[in-house]
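Take a look at the structure below.
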Amino acid sequence: MHQPVMLEETIAMLKPHAKGRYLDGTVGLGGHSFAILQSAGDGAELCGLDQDKKALAIAEMTLKPFKKRVHLVHTKYSSFPLILKALGWKLLDGALIDIGVSSLQLDNAERGFSFLYDGPLDMRMDQDANNNSLFEIVNKSRQEYLKDIISRYGEEPQANRIAKAIVQKRRTKPITTTKELADLIEQAYPAAWRAKSRHHPATKTFQAFRIVVNSELNELEKFLNMIMGWIAPGGRVAVISFHSLEDRIVKQYMKSWTRSCICPPYVPVCKCFHKPEAILITKKPIRPSEKEISENIRSRSAKLRVAEKVLL
């Protein structure tokens, strides 16, 4: 069963209220959205977006008690301006994205997200989308490209060995399943590395492939580049990330929102008169409690960062 990560902490940070309008860009099964509306009380509205149609169908049932105040749309979260304009919304009182993979996706072998189950090489969040599945990337990409994405997005030290093993294997026949790919990656790992690793050797490579299949970092940057322009003064943006690449991007954007001067470093006295858009609510990211991690091991790497829009 999917458990929303850092639910209490997220609601405490967003401070929903009865007259507010909220965006949940990754509504998933509706857990965070339900808590936002329940905490806000009567009158609050929520727009929930998700790429996964199956997740949206469950979210619709979860959020049924708030039906008239919920607007669910099947789309990427970076498309939120189009959706908000269609709703006639001009400003938001809060926005949330939780950029992890849900249990609905991880635990369904047919989706191809996990090396723990044997399924097809898919990994697409939106199964109706035209983007390449993992099958195309694994079986058609050049070795140098595979090495680059495994190294860059998985931060995998054995990227070269893994890319070489993939190319050698597919010369005889296409790689078709997650188990086949995971076993191949494990065999490519040096025995000494396998012995000392705390995680399955395929963990970082599967992360890298998922990021590429779904253009996850590009999607995140698009969202962060636009969202602060849609937040009302006093409204907050909350982002839950699960690995260092995502968190680094979130941290950089939130830092840029709080910057009071954007003059080049060689200018001795500020002449830009730039005003910060936001203040940081979380100087350091909020992490899950030990209790939550013990109840939901998948939350262990989560980080919550929050910024609040200021009156310009």
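Backbone N, Cα and C atoms are what each Cβ position is placed from, and that goes for glycine too.
Database features (Swiss-Prot):
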- Gly30, Gly31, His32, Asp50, Phe80, Asp98, Gln105: S-adenosyl-L-methionine binding site (BINDING)
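Features per Swiss-Prot, on structure.
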residue	record	Cβ within 10 Å
Gly30	S-adenosyl-L-methionine binding site	27
Gly31	S-adenosyl-L-methionine binding site	21
His32	S-adenosyl-L-methionine binding site	27
Asp50	S-adenosyl-L-methionine binding site	27
Phe80	S-adenosyl-L-methionine binding site	24
Asp98	S-adenosyl-L-methionine binding site	24
Gln105	S-adenosyl-L-methionine binding site	21
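Spanning the listed S-adenosyl-L-methionine site, residues Gly30, Gly31, His32, Asp50, Phe80, Asp98, Gln105 have a farthest Cα to Cα distance of 22 Å.
Gly30 (S-adenosyl-L-methionine binding site) carries neither a helix nor a strand DSSP state and counts as coil.
In the three-state DSSP classification, Gln105 (S-adenosyl-L-methionine binding site) falls within a helix. In three-state terms derived from DSSP, Asp98 (S-adenosyl-L-methionine binding site) belongs to an extended strand segment.
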